[in-house]
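Asker: Dumping the structure here so I can ask a few things about it.
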């Protein structure tokens, strides 16, 4: 949304339409013939930003991205001739935008008010800040096409901002700027094609509703490691995957999406707060600058790899719809540089409610629960922009966009239209459970209803790096499922009447639930669990289960048979060690020490069972 024309600048009256009717955020204007769908307009004397969403004859229906009080019939409407676009260039990382990419910090400094004034017209990326530009191996006379890398800007210590030729440009280089400091408006590249000369600065403008082109889509094969044990082990997502986190209020959706943005193995994070409470965004803004990530032994603030699109519930409804598109376009831009990007959308239900409100104002036919009939198609067109791709241009590189969408169905009802439409599209479903959250079991992921369709795609990765992992995961799922089946019997007849092997299943399931699936995201040792620690914990717990069952089954016929009570009484120390594996701190103890401790515990296990059977 670069600086648009003002009404006072326009000298031709034919460029004006006039307001015909106002209904909340929807304005109808007449004498608008010649305008295009999704064209940006400025409405009224306050010059509010709006977008044309319907054309009939010379009447245009406009959704306005700001408060429309004070707009009257007969006010001028200025056409700008551009679609809703975002500015792409150095300066995105670490900034906070609203739904149509207005920089909130700059607006605050300009107006020294906590509110955004009407019709504020300020560039999205700073025009005065200069960036150190280094050309790559592009010289005068080189031939370049869309997507080629021609320069580097060290935007900050975490992100190298690679400058790309815009996707539709091509030609022979006539001029490339020498290394030095430039602002985003300075011309740093000139190309010539068919006698036509084009000048390019660091800044690109791209329409948000249009996906950025790629060479081809690739199958995903690398996991998106979240640092949450239950997700990494049982329901993994891939880099370039789509995930939904539905859950009622207070189940911890926001905490999971924040944990993803803090600890996942992504290069760039785009966090879109779309219609959620303002306090949640301010919590992100308070926490993120203090958090750090260690890259190559250097500690850096996480804010350096994050951009926030804040469109909270007290901002105008229409901009909520745009904020999701703004976020995904920013993500695609960083993907084109060859980065792995994660985009968090919190929450897509509020976005769907914005669609519902605007659809209602347009008097369209409502479908299920009053949502528009095209809800599924809109959701799909958003989630389809995720994926791992081969980027346009040279040098060859791969990037990915992973989308994690939080869904807040009213009352935690998963048959809600938004949830069911989302589940038909996404490949990973992390279902949050109100009952688990009330028991203070966090992350409150219900391991019986959640699923991931990427298991098969990740088998190669596990075979190469963690060979023992896949059978362990299968065993965990079996134990948890068996425990669910046994729990009904236990409620009827009590634990004492169960078979010995079933008692072991129940106890190991309890161990898994309390000390493996549960994770305290506010503690130093457990807020992030690396994958080697996850696998090590699983190996010891399942090793204990297998050995205990083996001991019980082999001595079932003999005179001194081993029962669960015998095992529990003689192995109190080992059970305590199993449940305290999570207290190993990956930062303080380091990978080698934790692995050695886990291997030692496994040997102690084997020794203890040998002693027991003798």
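Yeah, the Cβs are placed from backbone N, Cα and C, and that goes for glycine too.
Grabbed the feature section from Swiss-Prot, which reads as follows:
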type: BINDING; residues: 247, 248, 249, 250, 251, 252, 253, 254; note: ATP binding site
Asker: Among the binding-site residues 248, 251, point out the residue whose Cβ has the most other Cβ atoms within 10 Å, with all shown protein chains included in the count.
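Answerer: When each Cβ's neighbours within 10 Å are tallied, 251 tops the list.
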Asker: Sort residue 253 (ATP binding site) into helix, strand or coil using the DSSP assignment.
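Answerer: SS state of residue 253 (ATP binding site) = helix.
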Asker: Which residues, same chain and not among 247, 248, 249, 250, 251, 252, 253, 254, have a CB within 8 angstroms of the centroid of the CB atoms at the recorded ATP site?
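Answerer: Other same-chain residues with Cβ inside the cutoff are 408, 432, 437, 444.
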Asker: With Cβ-Cβ distance below 8 Å and at least 6 positions apart along the chain, what are the contacts of residue 253 (ATP binding site)? List them in sequence order.
Answerer: 245, 247, 346, 347, 406, 408, 432
Asker: Other than its own, how many Cβ atoms are within 10 Å of the Cβ belonging to residue 247 (ATP binding site)?
Answerer: 30
Asker: Please report the number of other Cβ atoms within 10 Å of the Cβ of residue 254 (ATP binding site).
Answerer: 23
Asker: Far apart in sequence but close in space: which same-chain residues, 6 or more away, have a Cβ under 8 Å from residue 250 (ATP binding site)?
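Answerer: Within the chain, residue 250 (ATP binding site) has Cβ neighbours under 8 Å at 434, 437.
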Asker: Near residue 252 (ATP binding site), which residues of its own chain have a C-beta under 8 A away, given they sit six or more steps off in sequence?
Answerer: 432, 437, 442, 443, 444
